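Visitor: Let me begin by handing over the structure; questions about it come next.
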Amino acid sequence: MRLLKRLSSTVDFGAKTVAREKKQEMVNEVFTKVADKYDLMNDVMSLGIHRLWKDEFISDMGSFRTSAPLSFLDVAGGTGDIAFRISNKLKHEVPVNPPDHNKITVSDINPGMLSVGKQRASMLGLNLNWVEANAESLPFPENSFDYYTIAFGIRNVTDRLKAIKEAKRVLKKGGRFMCLEFSKVSNPVIGPFYDVYNKYLIPNLGSLVAGDKDSYQYLIESIEKFPTQEEFAKIMAEAGLSAIHYRNLTFGVVAIHSGLNL
C-alpha cells in the first residue's frame, strides 16, 4: 500500500518523474518561456505541418450550419490558433448569423499564452472570451458547450482522466469532445526516422532557432510518454465519453480523437 501511495503521488514530466503537485508549475514554466515563440516552436517540431493538421482538425468537427447558436470551448488554446479557425469556419458556413450569435471561449492555465492570443484576436477584430483556467477544474457550469476542443495540450495535463471528465461535465448532451495530439507513428519505415528527428534534431533546432533547448527537450519527451492511440481511447471511455474514434494523420505522428457526451 505504501508503494502504491508513493507511485500515485508522482507523475511524468517528460523523461523525469516528479511530484504530482509540482508538474503543473513546471509545465507553466515551459510555456511561459515559449509563449511568444509558440508558433515558431510548432513550426520547428512539425516542419510547419501543424497548420495542415489543425485545418484537418477543424474539418473533422463537421458542419456548423445551423440557425441555433453554438458554443465552443477551446482548452489549452491560449494563442488562439484553434479558436481563430473555428471563428473563420463559422463566418464561411453561417455568414447570415450576427457575430455574437455563437460563443467561442478560450481557456488556458498560462496567462502568458492567453496574452498572446488576446493580442492576436484584437488585431483580427475577433470578440472571443478568454479565461485563465486549469483543464482539471474548469470554472464553467455543467451542460455549457456544444464543442470542447484541445490541441497539443492534453499531454501536458497532470491528470488526463480528470481533465476529460471535466470536458464531459461542461459539454451539453450530444456535445462533442475533440483532441488533436502528437501520437505514435504506425509506419515501421517512417518510425525510426521520426524517432531520430525527435530525439536529436528538434532539441538542437530549438536551441538554434529559439535559444531554448530545454523546453524543446521536455516537449519531445512528453510526446514519447503520451499513451498510444488505443490507450488514450480507453481513457476517454473511462471518463464516460461515447462513440469514441481516432484518425491518424501523417502516419500517426498526430491523431485526431473524438467522442460524444451521450
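Glycine residues also receive a Cβ, built from the backbone N, Cα and C atoms like all the rest.
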Visitor: Which single residue out of Thr79, Thr149 does TrEMBL record at the S-adenosyl-L-methionine site shared with Asp108, Asn134, Ala135?
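Guide: So the S-adenosyl-L-methionine site in TrEMBL includes Asp108, Asn134, Ala135 plus, from the candidates Thr79, Thr149, Thr79.
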Visitor: As a test of the contact definition, list every same-chain residue at least 6 positions from Ala135 (S-adenosyl-L-methionine binding site) whose Cβ is closer than 8 Å to its Cβ.
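Guide: For Ala135 (S-adenosyl-L-methionine binding site), the qualifying residues are Val75, Ala76, Ser107, Ile109, Ile150, Gly153, Ile154, Val157, Ala163, Glu166, Ala167.
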Visitor: Drop a 10 Å sphere on every Cβ of the binding-site residues Thr79, Asn134 and tell me which sphere holds the fewest other Cβ atoms.
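Guide: Candidates: the binding-site residues Thr79, Asn134. Fewest Cβ atoms within 10 Å: Asn134.
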Visitor: Just counting, how many other CB atoms are there within 10 A of the CB of Asp108 (S-adenosyl-L-methionine binding site)?
Guide: 27
